[in-house]
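Student: Encoded as structure tokens, here's the structure I'll be asking about.
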Amino acid sequence: MKKYASEQRQNLEERLQEFKETCRERGLKITPQRVAIYRELISSGEHPSAIAVYQRVSHYFPSISLATVSNTLLTFGKIGLANVVEFSGDPKRFDPNLQLHHHFRCTECGKIVDFCSDSYDALEVPPDIKKRFLVFQKKVHLEGLCDTCAAKRAR
């Protein structure tokens, strides 16, 4: 257990160092509030909404606004520090996992799960789309019931 906690702490410190380097490269001032928002994002272990991050960060910075947290998270998305995850009807969620992966969202509880799939990674952009658009990335979003919600429905 101690080894795992130590590895987590080291990973957190590495991610914070990368955060600071990216901010410097992009000309974004490194403020205590931005560091706290990023720390909460990467330590959440999930895909938090701006509201969830705001609720955590406001304990340290009571005067911080939801708009500041939301705009900061969107800025993190623009400069490559986070991915913005959007499903229809849901508030934007933010993903600190920058590795190639896809998302499954439970339509019942809203839980979002990362998954990897070589076949999804290999999906080709249709030729008619290639002709008309410049595609920057491909993402696959699946929706359905998670195992917990499916089991509840089966009862």
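Every residue gets a Cβ built from N, Cα and C, even glycine.
TrEMBL labels come from automatic prediction, so no person has curated them.
Look at TrEMBL and you will find Cys106, Cys109, Cys146, Cys149 tagged as Zn(2+) binding site.
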Student: Beyond the listed site residues Cys106, Cys109, Cys146, Cys149, identify every same-chain residue whose Cβ lies within 8 Å of the center of their Cβ atoms for the Zn(2+) site.
Tutor: Thr107, Glu108, Gly110, Lys111, Leu145, Asp147, Thr148, Ala150
Student: Let me check the 10 A CB neighbour count of Cys149 (Zn(2+) binding site). How many other CB atoms are there?
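Tutor: So the number of other Cβ atoms within 10 Å of Cys149 (Zn(2+) binding site) is 16.
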Student: Go through Cys106, Cys109, Cys146, the listed binding-site residues, and name the one with the sparsest Cβ surroundings, counting other Cβ atoms within 10 Å.
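Tutor: Among the binding-site residues Cys106, Cys109, Cys146, the sparsest Cβ neighbourhood within 10 Å belongs to Cys109.
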